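What Swiss-Prot records for this protein:
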| type | residues | note |
| --- | --- | --- |
| COMPBIAS | 140-168 | compositional bias 'Pro residues' |
| COMPBIAS | 169-185 | compositional bias 'Low complexity' |
| COMPBIAS | 186-199 | compositional bias 'Pro residues' |
| COMPBIAS | 212-226 | compositional bias 'Low complexity' |
| COMPBIAS | 234-256 | compositional bias 'Low complexity' |
| DISULFID | Cys82-Cys121 | disulfide bond |
| DOMAIN | 25-133 | domain 'Phytocyanin' |
| CARBOHYD | Asn83 | N-linked glycosylation site |
| CARBOHYD | Asn238 | N-linked glycosylation site |
| LIPID | Ser251 | GPI-anchor amidated serine |
| REGION | 138-256 | region 'Disordered' |
| SIGNAL | 1-24 | signal peptide |
Amino acid sequence: MAGAVATVSVGLAWLGLMAAAASATQFRVGGGRGWSVPDANAEPYNSWAGRMRFQIGDQLLFVYPKEMDAVVVVDQGAYDACNTSSSVAGGGGGRYDDGNTVFTFDRSGPFFFISGNEANCRAGEKLVVVVMADRGGRHAPPPSPPAVPPPVAPVPMPSPASSPPSPAPAAATPSLAPSPVATTPSPSPSVSPMAPAPAPTTSTPSSPPAPAAMAPSPSTTPGGVAQPPPPPGTDGANATTPAAPAANDRSGAAAAAPVVAGVVVTSLGAYIGYAMLAI
């Protein structure tokens, strides 16, 4: 991937250079006479340069005899002093002695050229060129290739077994204790005075009826025969039936039982006595 990006960047830069070269203008310094000491009738180099419009990407062509001359790119101080031993290092500067030098302007601003022969420089073989800033983008320098980013190491995928970190437990908000609710005491049940239990009635055994009055003595009938008295119980007026004891009073019945038995025995005895008398 990185190699492909670098190849594309170099290709774009090369295309930019080719486009700039195709639209650039090459100027021959000195015309047909070339790079040499100008004569009295020739136009000075700086006057010629002042009439030209130099753009970034334009070129200067220096033609000279390489055994006798050279081209030196210097700064303004060396230009004024014709110091051939001081050349500008880098940026297209330096000393050229190949006899057919092509110099390309790679920036805007002034450029200073002098002859490699000091005597020729002092005789007027020197040149100042001011390159104009490129306002229309015609000779824009080729874009520098973009920096190739370093390969990114693959991020290891987390294993399925690894569980995501558990979120920090949220701080428990202390719960407010509920305000105590005043409880109204329920009224205690009023104790109603209990009615006094009725006193148990003591069953008084009814007194046994008085024994029946002794039967009247047998009356004497007119015939002189003594009539026996009627049996007890036959005369409703004279017979006295003992009152039956209360059914629900067991203690009274138990107490009256001997009395009743005595009355019965007495009545039977009287009846038997009357019977004996009648016989």
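Heads up, the Cβ atoms here are built off N, Cα and C, so glycines get one too.
Candidate disulfide-bonded residues: Cys82, Cys121. Fewest other C-beta atoms within 10 angstroms, Cys82. Take the CB of Asn83 (N-linked glycosylation site) and look out to 10 A: across all protein chains shown you find 16 other CB atoms. Averaged across the domain 'Phytocyanin' (25-133), pLDDT in this predicted model comes to 93. Spacing of Cys121 (disulfide bond) relative to Asn83 (N-linked glycosylation site) is 9 Å (Cα to Cα, whole number).
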